[in-house]
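Working notes, structure below.
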Number of protein chains: 2
Amino acid sequence: MKAIKVGLLGIGTVGSGTFHVLRRNQAEIKGRAGRGIEVTMVCRRDLAQARQIVGDADVVVTADPFEIIRNPEIDIVVETIGGCDLARSLVLEAIAQGKHVVTANKALLAVHGTEIFAAARAKGVMVAFEAAVAGGIPIIKALREGLTANRIEWIAGIINGTTNFILSEMRSKGLDFATVLKEAQRLGYAEADPTFDVEGVDAAHKLTLMSAIAFGVPVQFDKAHVEGISQLQAADIKYAEQLGYRIKLLGLTRRRDTGIELRVHPTLVPMSRLIANVEGAMNAVVVQGDAVGTTLYYGKGAGAEPTASAVIADLVDITRLHTADPDHRVPHLAFQPDAMSDTAILPMAEVLTSYYLRLRVADEAGVLSRITTILAEHDISIDAVLQRESNEGERQTDLIILTHETQEGRMNRALAQMQGLNTVLAPIVRLRKEELA
Amino acid sequence: MKAIKVGLLGIGTVGSGTFHVLRRNQAEIKGRAGRGIEVTMVCRRDLAQARQIVGDADVVVTADPFEIIRNPEIDIVVETIGGCDLARSLVLEAIAQGKHVVTANKALLAVHGTEIFAAARAKGVMVAFEAAVAGGIPIIKALREGLTANRIEWIAGIINGTTNFILSEMRSKGLDFATVLKEAQRLGYAEADPTFDVEGVDAAHKLTLMSAIAFGVPVQFDKAHVEGISQLQAADIKYAEQLGYRIKLLGLTRRRDTGIELRVHPTLVPMSRLIANVEGAMNAVVVQGDAVGTTLYYGKGAGAEPTASAVIADLVDITRLHTADPDHRVPHLAFQPDAMSDTAILPMAEVLTSYYLRLRVADEAGVLSRITTILAEHDISIDAVLQRESNEGERQTDLIILTHETQEGRMNRALAQMQGLNTVLAPIVRLRKEELA
């Protein structure tokens, strides 16, 4: 059978990884797919760089992406340009030209997914995006196909390697955020402008996609609560450790009777959980299904070849399914369009979680009593209290409180009241805690 | 669209789990599959028990499995009877009748897979077996599809929950094998006759399937090296811990230049590896691919609903693909029949691994020197030595040696020589060690 012809829009890290792995493993891939998969066109503004990457391979190099998209010889377009505006135009035009699309672009799909998937469906083509979430881990496939028997209850993921690397370093070396960020930038784990990663935006894009697939709702990135790690202090990592917890930047989505939680924030996780032991730039996703129970998927969330592994898995899937009746393909967001749900994403004030609070308080009688009274008045029950003994001569101390599950809005009101006490001497640190059991 | 009709051959643990999950989650499953999936016939020798399980559902109950297999209304047959002889006849007859088959029967496929897959291929039907390996973890899908871009280098799995439960208990409570086995039997984690689990046979069945898929070779259970945990002593778990290792019953398969390693045995694994921290009856599989690097898949390896989760994922896959050209389906063992490899399974003597040795030796001068000389003569290099200080008055002591990687045959020869020393006072304990990095 004739080889499937692929055009790469962008041949940077992921594009060149895809190009090289496809060539290196062509025998294995053809042996599995039953058909060759060949890159015949690549696009990059700097033609010389593109030529250097493709070497002596028989590949057309162009600076104009539309030349690829409009070439009738091309079966599948791989979009690795990133960003939203140009990528959106290219993907929509590729779909209009009847091309299948593979993309690693989570921002694009988390924001414009509804439009793009509808266009693809209307045209009868596939838009595949395994590489958009957690790099080489086949988590989209697990959620859409492997766990299809389950009512998914929740997903919790370490889905940003940069922040997990920073948190691992902060904990193991006792360093503060700014110091470790600089090290991460030096090592290439963090960008020069790290905002997207450290403020949780990248994780929220990925979480938005997983949530839509798990619960059959449209992608709604604008409804996600997004909180990063730039404000996290070394002291809280240490106190958490003393209480048996690690702090991870988790993407969490959970089905409640009232709606769907969709949130990214630093989270205390019991040390005994496997996911609490995922260190460095690695990713891991825990999925809780009603039949299967807890499952976990772990691997590299970024990098040229891990991401290429996911891109190529999509290429093989499309190679197999492109002649099938579109109704028999796996739906983009797991559920058939007529089976999608309009369950609302819950506002953060209605989210249920437990909390870690650190209060800098005056070291005098009655302080703890006033604070616990406020919590009790708001019906928030306490799980554990850790009071650091104050050093000789010090007149203030740290008071750590772990609470049981409560509603975020309720906690906000209690926090406002506690913050007003004149024995509370600094802004209260509030982190969320999940048992993940 | 008309619902797909399923017949269950056997409605015990897995069969009834499948029945209940399909009904409980029918809306979600139909919403994903685009088509209902209904159990319309079940078979069990004891009809009254079968009727009790199906309750008031509109299901035909029969004691004769062939009544299901030969019913033209049935699209897919789920085989959960277990064992080899009857199951083989039933599956082959179902294929002959043009039925697709879903099975959780690893023994059947590890032994008769070649015959069964060939029959299915000739008839143009699918035999799906996600549930045969690691229960609810979608590891077959990950290997066959998710990691399809990769040249798989090795797989290491905790793929038997009974033995992992026993090892976890032995370690955490410091108990010996026999005591924990009794506890496991009382709790229902081990069968009355636990041989299949504790001697590694069940793990070897599953490993055989994963190895075939990873490397494109036929299933060759008879070539697997199989060693269980019944001889494992509490002392070695403790010494391993002191050296930074946990002992797990691993199924290991690895591609070497000379052939494929296929082996199940107790294995020392560095404590810092995620898989070393998989406790209780849980399963986990680590897959090393050349592009993706290390990935890990974790979840429940047994039980009614976790296994049903995998069975139903297969049912949905078949529902999607049964109208597709058979050439476009995922091949049973990942590779197209004409792309299968005849790479040989290596005899155990040619396997490369590192070792943990415990020698009971006379506490006198020159003992260590004689032993290390023997190792050096066989070109086996030492990684670490731990010599327990002997108690006052004792004339013998434990000597623990960790070696670097060497060939098993070479180690066997060195062991025979060491065992012949008159200062070695008991049979030498030899365990294998894998860094999994």
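Every residue gets a Cβ built from N, Cα and C, even glycine.
Caution: TrEMBL annotation is automatic and unverified by curators.
Annotation source TrEMBL lists active site, proton donor at B:Lys206. Look at TrEMBL and you will find B:Leu9, B:Gly10, B:Ile11, B:Gly12, B:Thr13, B:Val14, B:Gly15, B:Ser16 tagged as NADP(+) binding site. Annotation comment: TrEMBL describes B:Lys106 as NADPH binding site. The annotation L-homoserine binding site is assigned in TrEMBL to B:Glu191. Marked as domain 'ACT' by TrEMBL: B:356-432.
The Cβ centroid of B:Leu9, B:Gly10, B:Ile11, B:Gly12, B:Thr13, B:Val14, B:Gly15, B:Ser16 marks the NADP(+) site; residues of that chain outside this set whose Cβ lies within 8 Å of it are B:Leu8, B:Gly17, B:Thr18, B:Phe19, B:Arg44, B:Thr80, B:Ile81, given in sequence order.
In the three-state DSSP reading, B:Val14 (NADP(+) binding site) counts as helix. With DSSP classes pooled into helix, strand and coil, the tally for the domain 'ACT' (B:356-432) is 23 helix, 28 strand, 26 coil. In terms of C-alpha distance, the listed binding-site residues B:Leu9, B:Ile11, B:Thr13, B:Lys106 place B:Thr13 closest to B:Glu191 (L-homoserine binding site). Sequence-distant neighbours of B:Lys106 (NADPH binding site) (same chain, six or more apart, CB under 8 Å from its CB) are B:Phe129, B:Ala132, B:Val133, B:Asp202, B:His205, B:Lys206, B:Leu209, listed in sequence order. For the binding-site residues shown (B:Leu9, B:Val14), fewest C-beta neighbours within 10 angstroms: B:Leu9. Neighbour counts were taken as the number of other C-beta atoms within 10 angstroms of each residue's C-beta; across the binding-site residues B:Gly10, B:Gly12, B:Gly15, the minimum falls on B:Gly12.
Remark: B:Ile11 (NADP(+) binding site) has B:Phe19, B:Val42, B:Cys43, B:Arg44, B:Ala50, B:Ile53, B:Val54, B:Thr80 as non-local neighbours, by Cβ distance under 8 Å and separation of at least 6 in sequence.
Of the listed binding-site residues B:Thr13, B:Ser16, the Cβ environment within 10 Å is emptiest of other Cβ atoms at B:Thr13. B:Lys106 (NADPH binding site) falls within a helical segment according to DSSP. The recorded positions under consideration are B:Glu191, B:Lys206. Their Cβ neighbour counts within 10 Å are lowest for B:Glu191.
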